[in-house]
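Colleague: After the C-alpha cells below, expect a handful of questions from me.
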Amino acid sequence: MSSASSDSNTGSLTIAGSGIASVRHMTLETLAHVQEADIVFYVVADPVTEAYIKKNARGPCKDLEVLFDKDKVRYDTYVQMAETMLNAVREGQKVLGIFYGHPGVFVSPSRRALSIARKEGYQAKMLPGISSEDYMFADLEFDPAVHGCCAYEATQLLLREVSLDTAMSNIIWQVGGVGVSKIDFENSKVKLLVDRLEKDFGPDHHVVHYIGAVLPQSATVQDVLKISDLRKEEIVAQFNSCSTLYVPPLTHANKFSGNMVKQLFGQDVTEVSSALCPTPKWAAGSHLGDVVEYGPREKAAVDALVEHTVPADYRVLGGSLAFQQFMIDLALRPAIQANYKENPRALVDATKGLTTVEQAALLLRQPGAVFGVMKLRASEVANEQGHPVAPASLDHVAFTAPSPASLDHVAFSAPNPASLDHVAFIAPTPASLDHVAFSAPTPASLDHVSFGTPTSASLDHVAFEAPVPASLDHVAFAAPVPASLDHVAFAAPTPASLDHVAFAAPTPASLDHVAFAVPVPASLDHIAFSVPTPASLDHVAFAVPVPDHVAGIPCM
C-alpha cells in the first residue's frame, strides 16, 4: 500500500476488456493500448488471447491468474491483483490491465485498482469490452429494449430476495457458482435458484442455458429448457462458471395499458402492441425472438420503399483522405490522442494533405467542427474527394467570449462565400491567433474585419488576396493591438469602399508597414495610429494614384 505526490505521478492505469470470443472480440482501441503500454497485466479466458497479447505488446506481459489458489477466497485474490497493477503504476509505468469480457462487469480488481489509482493522483480510465450479455443478445437474437430487461448475479439474487418481474426479460449470471466464494465452482446449490424461479414463473416456463463460444473450435450452448428440468442432475452437471440463464417474459404478462396507448399514440392498443412489443414465441431449435413477417403494416412499409427519395438533409461522408485518416488515427492511437491534447498545432502542421478548413476544424477541437467537415449535404460536396465548399449563405464568422485559446488562424479557401460580410472576434480574442487569411476570391460582400478587446497577442498579419472585396470599408483593431502584428496587406485591387484602417492604443511596436496596391481606394479618408505610434513603422505605401482627399497620416 502506497501513495505518491501528484506532482511526480507519471504512471497511469488503463483497464480494458478482451471480450469473450477469443481474439475476435478484442476492440481496436484495446489493441492500440496493448501496443503502447509499458507493461500489460491480464486475466483472459483462453490461451489464444494470451498469445495475441504477448505478440502485440511492446513491454512485458504478466498473467494475474497466477494469484488464484484453490484454498484462497476470491476476494483476497482480487485485492492482490489490483495491488500488483498499482505497484507498477507507482513505479511510473503506463500500465494496461486486461480482463476477459467487459472489464467492469463482474470484475472486482479492475474497479478497485481504478479507484485507488485516482485517489493517489494517477490518471486512470476504463475501456469497454464485449460482455457475455452482449454475446447473448447476438446469439439468442432478443432485444432487451422490447420488454425491458433485468440482470442479476445468481448468488446476489438469492441473498437479496429480489422479486423477478415476469413481464420483462431476466438474465441470471453465474448459475454454475451459486454460493461459491473460492476459485473452484461447484453447483450443488443450484436447486435454491430453481425454487426461486418456480415461485415467480412456474415449473413449465422455458428458459435458455447459454454459454458463448470462446475458441473457433467451440460451440455456443443455447439449450431451451423448462425450469423444472433444472432439477435434473444431468442438466445441472452441464453448468459451469460461464453459464448464464436467459428467462423470457411470460406471454400473458406482456400487456399494454389501453388508456396509456391512447394518450401516447392515439391508436388502438392492438395495433401499437404488435408493432412495438411482439409476443415472444418459443420452440426448441428456433430463434427466440420471432417477428411478424408480412402483416398489413409491414406490407405497406415495403411497398413504400420504391418511392423513397434521399432526404434533403441527409449527409454523406466528406473531408479529404488526409483528414479522414487523421481522425481514424486519433481515435485508435493513445499516443496521438495525448499529442493532440498537448499541442494540436504541431500535430496538424505535421499532417500533409489537410485543407485550411480542415486544419481550422482540428485546431478548434470541437466535435461540431469535425462533423461539419466529415458529414456534408450533397450540395456541399465540391468534388469526388468530398472537399467542402463554404455555404453560399454564410454572412459572418463570429467568436464569442472567450474565443478558443488554441485558435491560431481563420482561413477561408476558394471559393469563399459570396455573402460573407464580416469576421468578428469578441473579447478576448484567442492569444494564439496569428493570422486571418482570405484566399481568392475574397467574398465580395465582406465589409469589415474586427477584433475585440484584447486582440490576440500573437497576431502577425491580416491578409486579403486578389480580389479584395469591393465592399470592405474598415479593418479595426481594439486596444491593445497585438505586439506581433507586422503588416496589414491588401492585394490589387484595394477595395474602393475602404475608408479607414484604425489602430487603437497602443499600436503594435512590431508594425512595419501598411500597404495598398493599385489603385488606392477613392473612399479612403484616413489611416489613424493612436499614441504611441509604433517605433518600427517604416512605411505607409500608396501606389499611384493617391486619393486627393487623403491629406496625410494623422498621428494622435
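Residue 1 is the first one shown; counting continues down the chain.
For all residues, glycine too, the Cβ spot is worked out from N, Cα and C.
So Swiss-Prot has the following annotated:
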- 1-250: region 'Methyltransferase domain' (REGION)
- ARG74: active site (ACT_SITE)
- TYR78: active site (ACT_SITE)
- TYR100: active site (ACT_SITE)
- TYR100, HIS102, VAL105, GLN174, GLY212, SER243, THR244: S-adenosyl-L-methionine binding site (BINDING)
- 251-377: region 'Clasp domain' (REGION)
- 378-386: region 'Precursor leader' (REGION)
- ASP421: N-methylaspartate (MOD_RES)
- ASP434: N-methylaspartate (MOD_RES)
- ASP447: N-methylaspartate (MOD_RES)
- ASP460: N-methylaspartate (MOD_RES)
- ASP473: N-methylaspartate (MOD_RES)
- ASP486: N-methylaspartate (MOD_RES)
- ASP499: N-methylaspartate (MOD_RES)
- ASP512: N-methylaspartate (MOD_RES)
- ASP525: N-methylaspartate (MOD_RES)
- ASP538: N-methylaspartate (MOD_RES)
Colleague: Report the mean pLDDT of the predicted model across the region 'Methyltransferase domain' (1-250), rounded to a whole number.
Modeller: 89
Colleague: What whole-number Å value do you get for the CA-CA distance of GLN174 (S-adenosyl-L-methionine binding site) and ARG74 (active site)?
Modeller: 14
Colleague: Roughly how many Å separate the Cα of THR244 (S-adenosyl-L-methionine binding site) from that of ARG74 (active site), to the nearest whole number?
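Modeller: Answer for this pair: 20 Å between alpha carbons.
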Colleague: Given the binding-site residues VAL105, GLY212, SER243, find the one whose Cα is closest in space to the Cα of TYR78 (active site).
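Modeller: Looking at Cα distances from TYR78 (active site), the smallest one goes to VAL105.
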Colleague: Using C-alpha atoms only, work out the spacing between ARG74 (active site) and VAL105 (S-adenosyl-L-methionine binding site) and round it to an integer in Å.
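Modeller: So the alpha carbons of ARG74 (active site) and VAL105 (S-adenosyl-L-methionine binding site) sit roughly 16 Å from each other.
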Colleague: Between TYR100 (active site) and GLY212 (S-adenosyl-L-methionine binding site), what is the CA-CA distance rounded to a whole number of Å?
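Modeller: Just about 13 Å between their Cα atoms.
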Colleague: What is the number of other Cβ atoms found within 10 Å of the Cβ of HIS102 (S-adenosyl-L-methionine binding site)?
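Modeller: The Cβ of HIS102 (S-adenosyl-L-methionine binding site) has 23 Cβ neighbours within 10 Å.
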Colleague: Run through the Cβ atoms and count how many others sit within 10 Å of the one on ARG74 (active site).
Modeller: 15
Colleague: What residues, ordered by sequence, lie under 8 A Cβ-to-Cβ from GLY212 (S-adenosyl-L-methionine binding site) and sit at least six positions away in the same chain?
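Modeller: Those within reach of GLY212 (S-adenosyl-L-methionine binding site), by Cβ under 8 Å and sequence separation of 6 or more, are ILE20, ALA21, SER132, TYR135, MET136, ASP139, THR220, CYS242.
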Colleague: Counting Cβ atoms within 10 Å across all protein chains shown, which of the active-site residues TYR78, TYR100 comes out on top?
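Modeller: Output for this query is TYR100.
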Colleague: Three states by DSSP: which one describes ARG74 (active site)?
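Modeller: SS state of ARG74 (active site) = helix.
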Colleague: Check THR244 (S-adenosyl-L-methionine binding site) against DSSP and tell me helix, strand or coil, would you?
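Modeller: It is in a strand.
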Colleague: Test of understanding: give the count of other CB atoms lying within 10 angstroms of the CB of SER243 (S-adenosyl-L-methionine binding site).
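Modeller: Neighbour count, Cβ to Cβ under the 10 Å cut-off: 23.
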Colleague: Restricting to the record's S-adenosyl-L-methionine-binding residues (TYR100, HIS102, VAL105, GLN174, GLY212, SER243, THR244), give me the longest CA-CA distance in Å as a whole number.
Modeller: 16
Colleague: If one looks at the chain holding VAL105 (S-adenosyl-L-methionine binding site), which residues at least 6 apart in sequence have a CB under 8 angstroms from its CB?
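Modeller: Long-range Cβ contacts: SER131, SER132, GLU133.
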